Amino acid sequence: MGQVFLLMPVLLVSCFLSQGAAIENQRLFNIAVSRVQHLHLLAQKMFNDFDGTLLPDERRQLNKIFLLDFCNSDSIVSPVDKHETQKSSVLKLLHISFRLIESWEYPSQTLIISNSLLVGNANQISEKLSDLKVGINLLIMGSQDGLLSLDDNDSQQLPRYGNYYQNPGGDGNVRRNYELLACFKKDMHKVETYLTVAKCRKSLEANCTL
């Protein structure tokens, strides 16, 4: 009986520590989701502002080209639909989110420099991407979702954005900016979805459907 009473304080401390870790984890998820929501809204605004400067025929042509083209980050294997997203583990969603954010660290700077419409958003983009990457890394390290078996895709360096690091001038520059903005918006939407699902899973909510 005495041993039981001795164990009770230990169990209580362990319980409080576990609750504290869960609260901190949820706090980090809240911050990460808030940051990526801001980035997604910013990406939408940037794309809409740029799209508004185009002529109707120019807009239609660029949209057709983009639908046939692909984003640099498409080489990162990620869920193809809502069903696959919901089947993915928390840790897998965090790893994919980390890779997607990482893939935009340099291209976003190039885009800002090349387009005068985006200069005012420069600090917001670079700071938010950097903060979000650090936050997701903390969530990965603190995740108790099990070990993730990373395939070769996760260790590969992303291909460069073709000629996007150069300044083609004229129509080439317009197409490059359109594609980068469209891809940035697309990827921020992906990360927002993945982090929202992961956060819901960690909060033990009954319904995490998209």
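Glycine is treated like the rest: Cβ placed from N, Cα and C.
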Whichever of Cys15, Cys183 is disulfide-bonded to Cys71 when Swiss-Prot is consulted: Cys183
Glu192 (Zn(2+) binding site), Cβ-centred 10 Å count of other Cβ atoms over all protein chains shown, is 21
Within 10 Å, the Cβ with the most other Cβ atoms among the disulfide-bonded residues Cys71, Cys183, Cys200, Cys208 is that of Cys183
Among His38, Cys71, Cys183, Glu192, i.e. the recorded positions, the one with its Cα nearest that of Cys200 (disulfide bond) is Glu192
